[in-house]
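**Q** To start, I am sharing the structure in question, which I have written as structure tokens.
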Amino acid sequence: MKKTLQDEIEAILRKRIMVLDGGMGTMIQRYKLSEENFQGQEFKDHSRPLKGNNDILSITQPDVIYQIHKEYLLAGADIIETNTFSSTSIAQADYGLEHLAYRMNKCSADVARKAAEEITLQTGVKRFVAGSLGPTNKTLSVSPSVERPDYRNITFDELVEAYQEQAKGLLDGGVDILLIETIFDTANAKAALFALQKLFEENYASPRPIFISGTIVDKSGRTLSGQTGEAFVTSVSHSDPLCIGLNCALGAAEMRPFIETIGKCTTAYVLCYPNAGLPNTFGDYDETPAMMAMHLKDFAVDGLVNVVGGCCGSTPDHIREIAEAVKNCKPRVPPDSVFEGHMLLSGLEPFRIGPYTNFVNIGERCNVAGSKKFAKLIMAGNYEEALSVAKVQVEMGAQVLDINMDDGMLDGPSAMTKFCNFIASEPDIAKVPLCIDSSNFAVIEAGLKCCQGKCIVNSISLKEGEEDFLEKARKIKKFGAAVVVMAFDEEGQATETDVKVSVCTRAYHLLVEKVGFNPNDIIFDPNILTIGTGMEEHNLYAINFIHATRVIKETLPGVRISGGLSNLSFAFRGMDAIREAMHGVFLYHAIKFGMDMGIVNAGSLPVYDDIHKDLLQLCEDLIWNRDAEATEKLLRYAQTHGKGGKKVIQTDEWRNGSIEERLEYALVKGIEKHIVEDTEEARLNREKYPRPLNIIEGPLMNGMKVVGDLFGAGKMFLPQVIKSARVMKKAVGHLIPFMEKEREEARVLNGSVEEEDPYQGTIVLATVKGDVHDIGKNIVGVVLGCNNFRVIDLGVMTPCDKILQAALDHKADIIGLSGLITPSLDEMIFVAKEMERLAIKIPLLIGGATTSRTHTAVKIAPRYSAPVIHVLDASKSVVVCSQLLDENLKDDYFEEILEEYEDIRQDHYESLKERKYLPLSQARKHSFHIDWLSEPHPVKPTFIGTQVFEDYNLQKLVDYIDWKPFFDVWQLRGKYPNRGFPKIFNDKAVGEEARKVYEDAQNMLSILISRKKLRARGVVGFWPAQSVQDDIHLYAEGAVPQAAEPIATFYGLRQQAEKDSSSTDPYHCLSDFVAPLHSGVRDYLGLFAVACFGVEELSKAYEDDGDDYSSIMVKALGDRLAEAFAEELHERVRRELWAYCGSEQLGVTDLRKLRYEGIRPAPGYPSQPDHTEKLTMWRLANIEQATGIRLTESLAMAPASAVSGLYFSNVKSKYFAVGKISKDQIEDYALRKNMSVAEVEKWLGPILGYDTD
């Protein structure tokens, strides 16, 4: 028998590690080819630029590509890749060359073949050519439109067609291997595999070995489309690749753990060709050949790889070093099997079903025939809301999700495609495998074409005969799916035990022997049929299924058993308690007999032992056919019993402990109820606690130490800590009068009294002058207080002299400064200078949203010779403060900080040298362009001037609240895939606490609104507007802009940081989104300011009452309501007040994802970082007089729960970050604003692209 290429290459892989070549693009760049070089003679008159289209060089500059191939081969590469990464008609459409796809691949393969054969002849070592099939520039799993998560700009069939054309060219050019590489989206790779299988089935060419290489995009270990490495392997292993592995995105060191994972879950050989390290700030790769070779040699020595090479940034020098490094290393020995006896499925994550896997719940509610709610949503076209049905199933424990769109009123394939695409947009649903369920095979195919994971098909049968059965089975295998086979043949549905076994046995042999199905991918459904119908012939249906299950599992190795559970109890429709009990009893027995999985309503299955004993007996009698009257008895039971439920018994068992145990328990659990009486009981025990201070120093501080330890270990969360602090304050509050009385008695007796301090240290905290934001500072204060620090909180807008005086008065050990807005940074610098001048040499902590380690190290620390430390959040503050005050640790800690900050400073100054900026004049030439004359003209607002909104209805705002920032306040952050609201509730670590805090918030919100504790006021204004270069001029109503003076000007800042040379991205400025004065097109600009009043007063009242938790809660809710007010008002602006989107119909999710036209950027934020622009807003719209929202000297808004910004209506407007800018723009901006350069530099300090010191 003739040896195949697969045999030949596999023989080499068993002997040694093979070497793949390196980066093609990296080498092409070295030739510095011009547009003319790319065009060559043939394409000199082509209508589009071709520079950058590396693949065309195989036609226009074949000698260059040939030379690159030779260099890699001479460096030691066993395998070279064709220059065809983007040679599909899909990718080439960008260059207008899609018609050349076949030729491009054929020419590239010819060139590579020629080089390989020449070096084979020259060296006597056979070299191979791998045909590269890249990912294309489109994806099946990710929508290119944020607004339409179900939209795809490519189909599976289009990809198959494109990959077939590419593969034909490669095969005709003589490639030895087909390499599907840089897989960002596994669905695309599955289309490529489908195309190759099709070609080989059609005998287009003899089969070639297949190599598959995925791309893990970062340290999360996932592809761009969200799959883990193991899920990726599971999804593509049906193609039996000779090699599977990873390339691109990561350097070798970063790739190692993911290569290890790949090796553990495949019987294929493993290939690995990483980048030459990670890209630096200029996009270049810094890893030397020696470094890269060292890493890959480690891989080889540890038995991880069979093929190694290089991707981006690697060169023949890298490959030479790599080849030398691994030449004496033994190759990885692939295991004979992995996960033996397991069914392997995948969504974004792998799911293995093995001999010891518990019963698998296949969620049933995404079925238009089985769920009225789901059907109603799908029929109404409300797919996004229908996702909630899927989500609930997964949350309730469904490990696989059944999707069924079989309804005569639906276009089944279209509905299946759309819903599967929606699922792909939701990681918390897409993580589980899908079960594509339909009686119409066209619908099944439609579903399979959307799924990147390994699915289950439900179902096929022998109903239409063997030929139909085998045809469908082969297609399913080509998609890589597992299959459910119904016990149904040409004679009909099997109801008797022996017939069920017979039909399943016949199907098994057909699948395994004629189709080549892995037995582990076969699931039999022996038909769960309805019992309790009153018809005698139905009485044995449950027993027959159970007995058939046992025989099938015993006689057909590897298979699984499933069934649709709801069929069993269909006779008891509407009697949920009866149905759920029947399901629980049936499964209890069926699982014992071998049932592995079932289509169930996840979460509604009762535990067998929890079923009421009378109901349990009735269900047992019905299922096992023990009582002819079982159906009637069940119906009578249903009439006399409700659903019932277990009563939760509260226990106060902890109250039986000692006084110390009770105090500690109350503190840890945040229970206030008994704290005063327990504290008093301790106080009265004079023998144990002679003085009230002893109680604070003893049991109370011991309890708070436990709280601090649990918080530090991540076993308690911020809301719990704050509740503990509330209990502590109440206990201390009870003791204070007794301590003061004791102190007074001592003073009278002795004439003076020595102060005693039970605290670890004293810390003065303040939000700096001009800033009104203090939630973060307050939280830090509470956490420090819980850890035995005395906290002096000076509140907001605190002048420097007051901070320093308080530090002296209270003999502070540390000062902590907080700020949210950028001008606060300058105030912090000023405080540091004053501390140095006055020789107040105590540590200075810096925190707040606008602060950073870099700013602290570069701008603040050099002004002060004592420790200056940036503290990220409350959880870090305790560790920092403890080290700063520990006599044994503080000197070493400070020395470490000094060294760290010096490194940060040096890195910063080096980065300033490396940054490149376009001159402002050039940036303006590359501005964002809108063709104002051909675009629809801007809509005029319904009024010009301002409209004030008094006492706005807060209830209207509740639905617009974005809860994610609320949880951020409490430092509750879920981990993927449970980030954000409401997914955070599913997080194992913080979910429970998040739900508690959310419930507390709902309760407080209800009180705040119903009792009118807060008030919302705002203002909106519109004016005619025209852009003049980077500025926007506003005009009075009726004025002719070309002939009138503007009544106000908003000044813009333009991006200047140089973009990559290959980028065509414009350099944005907000003025780009307003029609220019010279265009003659009338345009408009809006502004708004909204606030929630009463928050500070309520917060202060709670604080005075010792209730820090409620104090912080009301501020967090005030901020959320203000943001919700801004969101709701913007919607009204779009639909009513400006009415440029009168027909907009968006849900809250759409608003959160910015799926609307127009933007509302705020001064002081990335699109216009200059806070002084607020002064123009306040003057123009008379905002303070209209609403009561005022500006502080640092231009923060007061009250703190306030939001303001500008309204832009253009459909092309978008948010962007100005980023760093250079001095020429600062000087230009200062001139336009009539400000000094120094003053502008002060306000724009954080975005200066140069150092002013």
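The backbone N, Cα and C atoms fix where each Cβ goes, and this holds for glycine too.
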**Q** Could you look at Cys243, Cys248, Cys420, Cys435 and say which one Swiss-Prot places alongside Cys311, Cys312 in the Zn(2+) site?
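**A** Same Zn(2+) site in Swiss-Prot: Cys248.
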**Q** Can you tell me which recorded stretch out of 6-326, 359-620, 650-747, 911-1253 has the most Cβ pairs within less than 8 Å of the domain 'B12-binding' (760-895)?
**A** 911-1253
**Q** When the number of other CB atoms within 10 A of each residue's CB is tallied over all shown chains, which of the binding-site residues Cys248, Cys311, Cys312 has the maximum?
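**A** Comparing the binding-site residues Cys248, Cys311, Cys312, the most crowded Cβ belongs to Cys311.
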**Q** Could you list the residues of the same chain, at least six apart in sequence, whose Cβ is under 8 A from the Cβ of Arg1160 (S-adenosyl-L-methionine binding site)?
**A** Phe1088, Ala1126, His1130, Gly1205, Leu1206, Tyr1207, Phe1208
**Q** Can you give the largest Cα to Cα distance in Å, as a whole number, for the residues Asp962, Arg1160, Tyr1215, Phe1216 that bind S-adenosyl-L-methionine in the record?
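**A** The widest Cα-Cα gap among those binding residues is 21 Å.
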**Q** How many whole Å apart are the CA atoms of Tyr1215 (S-adenosyl-L-methionine binding site) and Thr1252 (phosphothreonine)?
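**A** About 28 Å separate the Cα atoms of these two residues.
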**Q** Taking only the recorded positions Gly370, Asn458, Thr1252, which one has a CA atom nearest to the CA atom of Ser818 (methylcob(III)alamin binding site)?
**A** Thr1252
**Q** Between the recorded positions Glu697, Asp771, Thr1252, which lies closest to Asn458 ((6S)-5,6,7,8-tetrahydrofolate binding site), Cα to Cα?
**A** Asp771
**Q** Does Phe1216 (S-adenosyl-L-methionine binding site) have same-chain partners at least 6 apart in sequence with Cβ under 8 Å from its own Cβ, and which are they?
**A** Gln1055, His1068, Pro1166, Ser1167
**Q** Given the recorded positions Asn567, Asp771, Thr1252, state which is nearest to Cys311 (Zn(2+) binding site) when distance is taken between Cα atoms.
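**A** Considering only the listed recorded positions, the nearest one is Thr1252.
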**Q** I'd like the Cβ neighbour count for Ser818 (methylcob(III)alamin binding site), meaning other Cβ atoms within 10 Å of its Cβ, all protein chains included.
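**A** Ser818 (methylcob(III)alamin binding site) is surrounded by 29 other Cβ atoms within 10 Å.
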**Q** Taking the recorded Zn(2+) site as Cys248, Cys311, Cys312, identify the other residues of that chain whose CB atom sits within 8 Å of the mean position of the site's CB atoms, giving them in sequence order.
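**A** Filtered neighbour residues, in order: Gly23, Thr182, Asn247, Ala249, Tyr273, Pro274, Asn275, Gly310, Gly313, Ser314.
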**Q** Summarise the model confidence on the domain 'B12-binding N-terminal' (650-747) as a single mean pLDDT, whole number.
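**A** Residues in the domain 'B12-binding N-terminal' (650-747) carry a mean pLDDT of 81 in this prediction.
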